[in-house]
Amino acid sequence: MASAVPITVFVWCFTLGPLLDGVDGVWRALQAAGPFAALVVMALVLEVPLLSVALCSAGMERRVPVSAMLGLATLPWMLGLMGTEVLMDRVVASLPRLDTVEAGLVLAVSTGEAMAPRMLGAWTSTALLLGLALGQMLAHFGPSGFREDASSRNRGLLLASGVSASLASVAMVGALEARHLLNFLTSLARMPEAERAELIATGLAATANLRALRWTCTGVLTVLGLTLMARRAGEDAHTPLGWSARLVPATAVAVLLVLDAHPVSSATEHAPVAIPAEHGEGPSGRMPRPPTGDAPPTQPIKMNASIPSPTSSPRASTHSIIMPSPGRTTGGVTSSAVAGGGTSKTA
């Protein structure tokens, strides 16, 4: 039971290579994450023994609350989100204060690179949460779970395992979404302008599908979490800390889910660039929409629909001043008649 977390993490580490298309992809993601990759690794090294010890207390009289174990398992995820926000703040601050397509392209590519810490953190938390769910399930079906003196304490371990597994599914979808945005946005700079429109349409459709899957997993997590809290409401009345031992970690996990739903909204809300929007809505969370290349790179985007440019440039000439104008066929005074010293009346 206690070895469920380290074994799951060890096996899960081998899935990162296929996820990022080999060792080169893993190395690029680590470089894009910068020092936040080291923070995620340090958190993983600390979390594995802590969660193993916490699982040993399952079925005992004094056990670690499930919400506290979930809070520990989601720490790498929180660090990854923090890294994404910090990297986005740096990118937005370094952009020129111009509304150009080039600046929008730089912002889109940098947004994709900033997804690397979020992806690494969410993928690490997925491994920890799956190990936690496996350990709780083993504790429920283990020999100690069927003893009469432990049956009352082990009630709800299977439900807690479902909560951990559903939270792991949300973390995994978040990691897949971050990986998709990492590949999708960083490839815009390498694509020809003629192929960007098709790439953007495909990327936005995949992002929408991942968001729908995320909300489905979040709904399952909400139902299971509320059921578990209602089941253990009576037990909390007899503990010294009461609801606080479960409410504080549960609140932290809820805040994490809200922040992960919009990973770069706070950083790009006041972005100093405007990006063309000819190809529909962008991903949720007010993420910058990549340019399509329809507008010329040196033309400000805000002037595209403003004052029209003249068809020809006016030039001053003295020829029209020297030469008399031709006679009018509709009557009236002509310049030729005035020059001859007389006036002509209309017919």
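Each residue, glycine too, has its Cβ placed from N, Cα and C.
Per TrEMBL, the features are as follows:
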COMPBIAS  288-299  compositional bias 'Pro residues'
COMPBIAS  306-320  compositional bias 'Polar residues'
REGION    269-347  region 'Disordered'
TRANSMEM  32-56  transmembrane segment
TRANSMEM  68-88  transmembrane segment
TRANSMEM  115-135  transmembrane segment
TRANSMEM  156-176  transmembrane segment
If you count Cβ pairs under 8 Å, which stretch among 32-56, 68-88, 156-176 touches the transmembrane segment (115-135) the most?
68-88
Tertiary contacts of the transmembrane segment (156-176) (same chain, 6+ residues out, Cβ under 8 Å)
19, 58-59, 66, 69-70, 73-74, 77, 118-119, 122-123, 125-126, 129-130, 132-134, 136-137, 139-140, 145, 210, 213-214, 217-218, 220-221, 224-225, 227-228, 231-232, 253, 257, 260
